[in-house]
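Copied over from TrEMBL:
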- 211-224: compositional bias 'Basic and acidic residues' (COMPBIAS)
- 33-340: domain 'G-protein coupled receptors family 1 profile' (DOMAIN)
- 196-256: region 'Disordered' (REGION)
- 20-41: transmembrane segment (TRANSMEM)
- 98-118: transmembrane segment (TRANSMEM)
- 139-160: transmembrane segment (TRANSMEM)
- 166-184: transmembrane segment (TRANSMEM)
- 284-308: transmembrane segment (TRANSMEM)
- 320-342: transmembrane segment (TRANSMEM)
Amino acid sequence: MANITRPSSQLPIGVLTSLLAFNIILSFTASLGNVLILLTIYKVSSLNPVTKLLFACLATTDLCVGLFSQPLFVADIILNIDLGNTDLDILYYVDEVVYISSYVLCGVSVLISTAISVDRLLVLLLRLKYRQVVTLRRAQVVILLCWVIAVSCGLVRVWSQTVSEIVVFVAGLVSLVTSVLCYVKIHRRLQGNQATVEDSSGGGQSNAGEKVGEGEEGVGRAAEDGVGETTGAGRDTEEEAGAGVEGTGRAKEERSVRTGTARVLQKRRIQERVRLNIVQYKKIVFSIIWLQLTLVACYAPFIIVSLLRHTVLSGTTIHGVWLFTATLVYSNSSLNPFLYCWKIREVRIAVKNTAKTFCCRL
């Protein structure tokens, strides 16, 4: 993080020791939790391959925070506790490495979270074209671009600390606004889809799958077209055979009843599949919203305190608050695995099974 030499030297040893212990615990939980997520995320069938890749990348970034960035922050705190025996040049370089690594890894987390939000919106907008447009290769390119942007923001600090902080602030703000706009658009679309399904149930229309689904609309219309052709053929046959034959008339009537029943059942199956898709989609979106809200809750205090620290306030108190908010940023990497397990049932089951298997092998 920032150069914490003088302000940290004035902080009570008890405060620094508490921060040290808390960050060590968070580093361990972030590493263990994200390893479990990486071992289980590809077993979740409710997520498509692109979404799995994005979640895996987010978990990898959080794992790197737990393995590298946060231990460096711990080392920085230790150096400040023993400041009398610490070379200030070493402390300065450790500070810079911590700052750059945090910019890179936390920046990737923010950008990947935004990419996940955009991915969920594209599922809703592209519908049947989603798998053709959003491919694994393109997702990999997006992930690479996120890393390039984050690394660039980190390296800018070598040139200018002020410029790097401005770039990071702007990039974070753009990411947040993009995510909010995506969820607003998703909410409006889902409301429209719900109204469409309700109209379909009440009026007997077959367009319930027009906006969401993996082909339900096409199946429904194809089925209806086939039924319609059979009914028309039946009428032609009846006219040719003669309307006066009582047995033929009864057979025709029975076929009509069966055809009508089949059509109603087909519509109901289509509507049920659409409803199930919408429910499953909502669950995933709500899970991602929880991730976004947690990210904002962890990052917002740090951003606010950093702005105050560089523009208005200075001294030991504001620096102590800043250290706590920096720890809160790192805690996001420990909270994400918990949110995966809490909000996505299949992930929770897979993690439990993996943990049981590991414990049995010990």
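Cβ from N, Cα, C; glycine included.
A TrEMBL annotation is a machine prediction, not a hand-curated record.
Between the transmembrane segment (166-184) and the transmembrane segment (320-342), the number of CB pairs under 8 angstroms, six or more residues apart, is fewer than three, so the stretches are not in contact. Model confidence over the domain 'G-protein coupled receptors family 1 profile' (33-340) stands at 77, taken as the mean pLDDT rounded to a whole number. Proximity of the transmembrane segment (139-160) to the transmembrane segment (320-342) is not established, fewer than 3 Cβ-Cβ distances being under 8 Å for residue pairs spaced 6 or more apart. Residues 1-2, 4, 7-8, 11, 15, 19, 22-23, 26-27, 29-30, 33-34, 36-37, 41, 55, 58-59, 61-63, 65-66, 69-70, 73, 77, 102, 106, 109, 287, 290-291, 294-295, 298-299, 301-302, 305-306, 309, 348, 351 of the same chain sit 6 or more residues outside the transmembrane segment (320-342) yet have a Cβ under 8 Å from a Cβ within it.
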